[in-house]
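Novice: Sharing a structure, written as structure tokens. Questions coming.
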Amino acid sequence: MLPKSISVRSNGYLKMTNQAGANHRGKTRGPTRTGNTSQLSGAQKVYVQGGKKEEEPLELEVYNQGMFKTELCNKWQETGACPYGDHCQFAHGIEELRPVIRHPRYKTEVCRMVLAGDVCPYGHRCHFRHALTEQEKFMDHLK
């Protein structure tokens, strides 16, 4: 089974997003676009599983790139075909899947919905983790 997306937690996240442009309150804006190209700054090399040999990782260049082709296409995954073809914003295979640079705290805290025993409406897109530790499961049983 292919991963839905590839997340990369970056120690240089704040430095990289500041290069893309931060406003005076410290929040970052998305990459600026000039014509049809995104501003590419803060390149990093990232290694993910999926090379020719199992122990051989793929080397990918990661940029502050927006969200284009950072998640697998649902239609392509289900049927092997996509009505949007080459114009689809989603990846049609692991080769097209681009890693996303995430904040260092991405998925480090438990989702409040999951902690409350509810289903999170954001699913895999949630910025909080859905897996509970043994201690969190134990605390949940005490309620």
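Each Cβ is built from the backbone N, Cα and C atoms, and glycine gets one as well.
Taken from TrEMBL, the feature compositional bias 'Polar residues' applies to 31-42. The domain 'C3H1-type' annotation in TrEMBL covers 67-95, 105-133. The annotation region 'Disordered' is assigned in TrEMBL to 1-42. The feature zinc finger is assigned by TrEMBL to 67-95, 105-133.
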Novice: Within the domain 'C3H1-type' (67-95), how many residues are helix, strand or coil going by DSSP?
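Specialist: Per-class counts: 9 helix, 2 strand, 18 coil.
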Novice: How does the model score the zinc finger (67-95) in terms of mean pLDDT?
Specialist: 92
